[in-house]
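Before any comments, here is the structure.
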Amino acid sequence: MSIFDWFAKQEKSEPPIQQQQKEREIADGLWTKCVACTALTYTKDLQANQLVCTECGHHFRVESSERIAQLMDKNTWKPLNDHLTPTDPLKFCDRKPYSDRIKDTQEKTGLVDAVQTGTGLIDGLPLALGVMDFRFMGGSMGSVVGEKLCRLIEYATQERLPVVIVCASGGARMQEGMLSLMQMAKISGALERHRNAKLLYIPVLTHPTTGGVTASFAMLGDLIIAEPNATIGFAGRRVIEQTLREKLPDGFQTSEYLLKHGFVDAIVSRTQLKKTLAQLISIHQPFFPVLPPLNVREKHHHHHSEEVVLKMDGKEE
């Protein structure tokens, strides 16, 4: 065997170091490989960094329970309406019955539906929070998701709380037909009443936020925050290109593209999200306990003016 044949054999039997790293088996979840930069990170370090890659800043998807733990102060979370569960009014069946799909997804994820709602404290400030979970049928918005979010917003309006909804969804749930689509208007109506009460609403757009969620409550915030490099849009890129027969620009439907064109107000890293939300709420919140309703202020001003006139009349006498 010549030296050239020997080297050729070694190249076939032993892949390069980079290839070995890519194909390395990650045993028992001890290490996690970044899907963006392929760097291997100790899983506990990744979790301590809120599932943000320490090498490239890639944001991994986060389960709703973990997101709640990241945002809410410890032992302050109180779930709302967690007893609501989806039904199958249309007896819908695609590859399998919708009722079976619900049960299978509930067993797999441990969730009742694609959103968790509740109240708690964020850096000591009261907050009504909704967190969508993409693991549950792609975070799709059905009747239960719409009802839970609507009740959350109505409760926040009644109790004068700011609302934050963390969005992660493929859109409306097709298995529920019109019952799913009507949730867009239903939630939007609840948010309008919340806005009329001069209360703060902030949606946080994560990867991905698409479809009917984008077309409704995801874009109705007083301030709209997005995570870095999140896919945000209505229809998919391929669908738009095939419909328009045009090539879309690079980076289209990313949070950076939307920020550049004025559709979102800020891109905030997950590691800074709690701090940022708390600061925004603290800026907005003090105006409500300090300032009474407008009609009360007007009465107070009128009464104060009368007192001044009486005192001036007394001095003149």
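We number each residue from 1, going along the chain as drawn.
Any Cβ shown, glycine's included, is placed from N, Cα and C.
In the three-state DSSP classification, CYS37 (Zn(2+) binding site) falls within coil. In sequence order, CYS53, GLU55, CYS56, HIS58 are the residues of the chain that are 6 or more apart from CYS37 (Zn(2+) binding site) and have a CB within less than 8 Å of its CB. If you look up Swiss-Prot, you'll see CYS34, CYS37, CYS53, CYS56 marked as Zn(2+) binding site.
Marked as domain 'CoA carboxyltransferase N-terminal' by Swiss-Prot on the basis of sequence analysis: 30-299.
Per-residue confidence over the zinc finger (34-56) averages out at a pLDDT of 93. According to Swiss-Prot, the zinc finger annotation covers 34-56.
Cβ neighbours within 10 Å of CYS56 (Zn(2+) binding site), excluding its own Cβ and spanning all shown chains: 12. When other Cβ atoms within 10 Å of the Cβ of CYS34 (Zn(2+) binding site) are tallied across all protein chains shown, the result is 18. The Zn(2+) site, placed at the center of the C-beta atoms of CYS34, CYS37, CYS53, CYS56, has further neighbours from the same chain whose C-beta lies within 8 angstroms: VAL35, ALA36, THR38, ALA39, THR41, THR54, GLU55, GLY57, HIS58.
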